């Protein structure tokens, strides 16, 4: 899920809200990672010219497992403490968008099959990413590995970005690592894109600051949310003919979608039964747990468990897996460890003015990895 054209719009109207950097600048930070985005990257990136992903001897896809293993090791070696957040059940308002994605994926698969049959490698390469999808089984495999590595995993009530944002608001994490810009719309003060422990010279990490966005644009949080709805989100349609710049200028002039609709020219077509109010409510009050008293725990590495899972069950190279485990075990002896001691003392982020005014109270999670569901 994302906000269409938001990054380009911010580059124009709030350029100071984004800064580029390298992974070592996040040493000593706790980062909430949108797990579905990360796993998708591994599934879509590690594919050959036949369209196949990395598989074991039984033909099972394994790129997401080994990719997560080495990426997590690199993050920890960089002095970062990652938390992985997995998607829960999507909101009903997203059903329409999910249906569109399914149809598009089916069309892309048909085009990919044709390109492969014709030997068009360039076209096939372009289509591979559009057909990559993370299954529940793959998600469970990644969770199992992370738990063996001692890394915290949280299954969100709803979408992962909302829970990542809630962790940042509660002061448990510094930033949300995702490619989806709606993490800002959901209230994450810091959002980092291109978050990789690899060499970032060609594609540096990009960090966005929500408070800087609001300061530079002069918008309130509610106005920023309305802007994002006008730009295009997964929860509802947009006004046809209203592009990014027009959307920004309309919010700047009229302050809210309600006022915009009262003054909007007839040349623009407003969707019938437009559910912008419901979309706004989902952004303002996402289905998340209350993390104010939540304690994040990084457990000891289960060395034998990792070997059994990766080598015995998944048939990865034992020597390489052992080297990875040794790197994890040796992190404490590195200089980065001195900075890790401050991880549990992250300051809490206070409620926004709108939340404070409305008396919002966020729900408390259970001590289990999975968030507690709302009581009916």
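Using the three backbone atoms N, Cα and C, a Cβ is placed for every residue, glycine included.
Of the listed candidates (87, 226, 234), Swiss-Prot assigns 87 to the same Mg(2+) 1 site as 34, 159, 161.
Ranges compared are 327-335, 336-344, and Swiss-Prot records region 'Interaction with PCNA' for 336-344. Straight-line distance linking the Cα atoms of residue 182 (Mg(2+) 2 binding site) and residue 234 (DNA binding site), rounded to a whole number, equals 10 Å. Calculated from their C-alpha atoms, the gap between residue 159 (Mg(2+) 1 binding site) and residue 180 (Mg(2+) 2 binding site) amounts to 11 Å.
Among the binding-site residues 34, 71, 161, 232, 234, the ones whose Cα sits within 10 Å of the Cα of residue 180 (Mg(2+) 2 binding site) are 34, 161. DSSP assigns residue 161 (Mg(2+) 1 binding site) to a helix in the three-state reduction. Residue 87 (Mg(2+) 1 binding site) has 234 as its nearest neighbour among the binding-site residues 71, 232, 234, going by CA to CA distance. Classification of residue 87 (Mg(2+) 1 binding site) by DSSP places it in coil, neither helical nor stranded.
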